[in-house]
């Protein structure tokens with residue numbers, strides 16, 4: 001058995017692999033269900049709205065993978081590799097969620113519809129605003145040796161706050177998804193109840209429970 005395999009095995013504990021699979025499958029169910037609902041309801045007539053749920057659930061899939069790939073890592077080599085994958089996945093996810101959020105903002109503005117009239121909209125504003133702060137905190141703590149926060153021990157301390165902030169932000173993000181998918185009028189009118197239950201209630205719970213179970 002090679003040293004890399006021994007290190008990886010030493011980082012995992014019973015149930016970690018199962019949790020990994022549950023989280024990834026749950027995120028995939030949410031993603032595919034959303035895209036199927038949009039694509040099966042004449043997306044050409046949905047205008048910019050169609051980009052909001054599709055891009056935002058794609059972002060959530062990226063975020064889920066980004067968190068999974070960084071946990072659990074404790075060895076220098078696996079930490080470095082995990083951090084690289086984490087930044088890659090989170091970077092794409094951040095771009096997708098900004099585009100998806102911009103799409104719904106533009107759609108409402110172009111139709112002169114009021115913003116933030118639902119819990120989904122309100123939670124969405126809080127989540128995306130927090131996410132911008134979260135990304136800035138994470139990037140600043142590792143890029144260029146964490147120079148933005150003084151480097152060394154100071155940057156590592158900021159990274160710990162970034163990690164804690166992310167685990168607090170996660171349920172807020174998943175709650176926003178639940179409000180939009182399980183309770184919104186449009187989705188309720190254009191999808192079956194069982195699909196909404198599985199995709200927007202069970203799947204987010206699966207993601208949350210699995211990611212939390214893998215924390216160290």
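Residue 1 is the first one shown; counting continues down the chain.
Heads up, the Cβ atoms here are built off N, Cα and C, so glycines get one too.
Marked as domain 'Cytochrome b561' by TrEMBL: 51-181. For the domain 'Cytochrome b561' (51-181), the DSSP counts in helix, strand and coil order read 114 helix, 0 strand, 17 coil.
Beyond the ends of the transmembrane segment (18-38), by six or more residues, the same chain brings 46, 50, 53-54, 57-58, 60-61, 64-65, 68, 177, 181, 187, 190-191, 195, 198-200, 202-204, 206-207, 209-211, 213-214 to within a C-beta distance below 8 angstroms of the stretch. Here TrEMBL flags 18-38 (among others) as transmembrane segment.
Feature annotation from TrEMBL assigns transmembrane segment to 50-68 (among others). Here the transmembrane segment (50-68) has long-range neighbours at 20, 23-24, 26-28, 30-31, 34-35, 37-38, 43, 85-90, 92-97, 99-101, 103-104, 107, 166, 170, 173-174, 177, 180-181, 207, 211, 214, meaning same-chain residues at least 6 beyond its ends whose C-beta is under 8 angstroms from one of its own.
The transmembrane segment annotation in TrEMBL covers 88-106 (among others).
Counting only same-chain residues 6+ beyond the ends of the transmembrane segment (126-152), those with a CB under 8 A from a CB of the stretch are 83, 87, 90, 94, 97-98, 101, 158-159, 161-162, 165-166, 169, 172-173, 176. Taken from TrEMBL, the feature transmembrane segment applies to 126-152 (among others).
Long-range neighbours of the transmembrane segment (164-186) within the same chain, counting only residues 6 or more positions beyond its ends whose Cβ lies under 8 Å from a Cβ of the stretch, are 30, 34, 53, 56-57, 60, 63, 67, 118-120, 123-124, 126-127, 130-131, 133-134, 137-138, 196-197, 199-201, 204-205, 207-208, 211-212, 215. The transmembrane segment annotation in TrEMBL covers 164-186 (among others).
The transmembrane segment annotation in TrEMBL covers 192-212 (among others). For the transmembrane segment (192-212), the residues of the chain that approach it from at least six positions outside its boundaries are 19-20, 22-23, 25-27, 29-30, 33-34, 37, 60, 64, 67-68, 71, 167, 170-171, 174-175, 177-178, 180-182, judged by C-beta separation under 8 angstroms.
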